[in-house]
Amino acid sequence: MAPGFVEKIADALHLHHHDHHHEPPKESKSSPVFDSNKVTVVFVLGGPGAGKGTQCARLVQDFNFCHLSAGDLLRAEQDREGSTYGDLIKTCIREGTIVPMEVTIKLLEVAMLDARKDKTGLGWQDGKARFLIDGFPRKMDQALKFEEDLVQVCVSSLTIFFTTTEEVMLKRLLVRSETSGRADDNVESIKKRFNTYKEQTMPVIEHYQKQGKVSEIDSSPSVEEVHAQASEVVNKIFAGQSAPQLTA
Ligand SMILES: Nc1ncnc2c1ncn2[C@@H]1O[C@H](COP(=O)(O)OP(=O)(O)OP(=O)(O)O)[C@@H](O)[C@H]1O
Ligand SMILES: O=c1ccn([C@@H]2O[C@H](COP(=O)(O)O)[C@@H](O)[C@H]2O)c(=O)[nH]1
């Protein structure tokens with residue numbers, strides 16, 4: 001990557017006002033921003049409309065996670081007045097393609113640093129930060145870059161993978177389209193999103209599966225049934241993780 005590229009992205013995203021100058025410059029540092037002993041990262045993946053966001057909302061209530069949806073962060077940036085990347089994000093979302101990883105990772109980094117500041121709030125338990133990262137990583141380059149720059153994905157980290165059929169996902173998304181106002185909740189965009197999911201995201205899931213870090217859950221049943229399964233999986237992650245670690 002060209003030197004200074006990440007800083008240029010940060011400038012364009014107007015992220016320097018967050019006063020993160022205590023953090024080492026991204027391109028010269030050799031270790032990730034977060035210590036994997038002091039944060040728990042659970043990724044949530046699955047096809048468009050599989051129910052990721054719905055289940056994340058439940059898991060936040062159960063486990064006091066800080067929930068970060070990459071799609072929501074991108075939509076907020078797209079709508080931010082004066083955003084350099086607004087048009088690019090808009091096109092990617094409508095076309096169901098993946099926004100260049102530097103943009104998404106920078107947005108995630110800032111959101112994670114902001115969440116980490118509030119040690120008494122949501123996302124803190126037993127002195128550890130708990131992040132539920134929804135709809136990310138969507139592509140292998142993002143998965144590797146996240147590990148390199150933000151958190152070394154450690155033994156206890158896990159991906160919850162919600163699966164159901166395209167037929168179910170399509171039906172759910174078309175129902176959602178009646179109220180969501182999302183530019184990509186239409187048949188044409190949904191088909192493109194299914195293709196991107198199969199071509200780009202499935203290899204990420206297979207990568208984590210090879211490392212034994214994926215819990216697959218059938219998300220075809222009711223929200224409550226799926227939630228019961230997901231809770232069980234997360235309970236296992238936190239079993240044995242109660243030792244207080246007060247700094248991050
Ligand atoms: N188990 C379920 N049974 C029936 N409907 C569901 C279930 N889970 C979610 N839904 C509904 O399906 C739609 C899509 O769910 P949700 O937004 O959680 O999916 P998602 O995986 O986050 O989608 P995307 O990747 O497009 O953001 C929503 O309208 C939601 O209410
Ligand atoms: O890491 C990411 C996550 C999302 N996108 C883009 O956003 C849309 C919508 O994402 P949802 O998770 O369904 O809200 C997705 O189709 C991509 O275009 C991304 O580029 N990178």
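Cβ atoms here come from the backbone N, Cα and C positions, even for glycine.
Here TrEMBL has GLY49, ALA50, GLY51, LYS52, GLY53, THR54, PRO221 binding ATP, and the candidate from ARG94, ARG116, ARG176 in that same listed site is ARG176. Listed ranges 69-99, 131-161; the one TrEMBL annotates as region 'NMPbind' is 69-99. Per TrEMBL, ribonucleoside 5'-phosphate is bound by ARG75, THR97, ILE98, VAL99, GLY135, PHE136, PRO137, ARG138, GLN142, ARG182; the candidate from ARG58, ARG193 named for the same site is ARG193. Nonlocal intrachain contacts for the region 'NMPbind' (69-99), taken as residues 6+ away from its ends with a CB within less than 8 angstroms of a stretch CB, comprise 12-14, 48, 53, 56, 107-108, 111, 133-136, 138-139, 142, 183-184, 189-196, 200. Long-range Cβ neighbours of GLY135 (ribonucleoside 5'-phosphate binding site) (same chain, at least 6 residues apart, Cβ-Cβ under 8 Å): VAL44, LEU45, LYS52, GLY53, SER69, ALA70, GLY71. Checking the binding-site residues ARG75, ILE98, GLN142, ARG193 against ligand 1 with a 6 Å cutoff on the Cβ atom leaves no residue at all.
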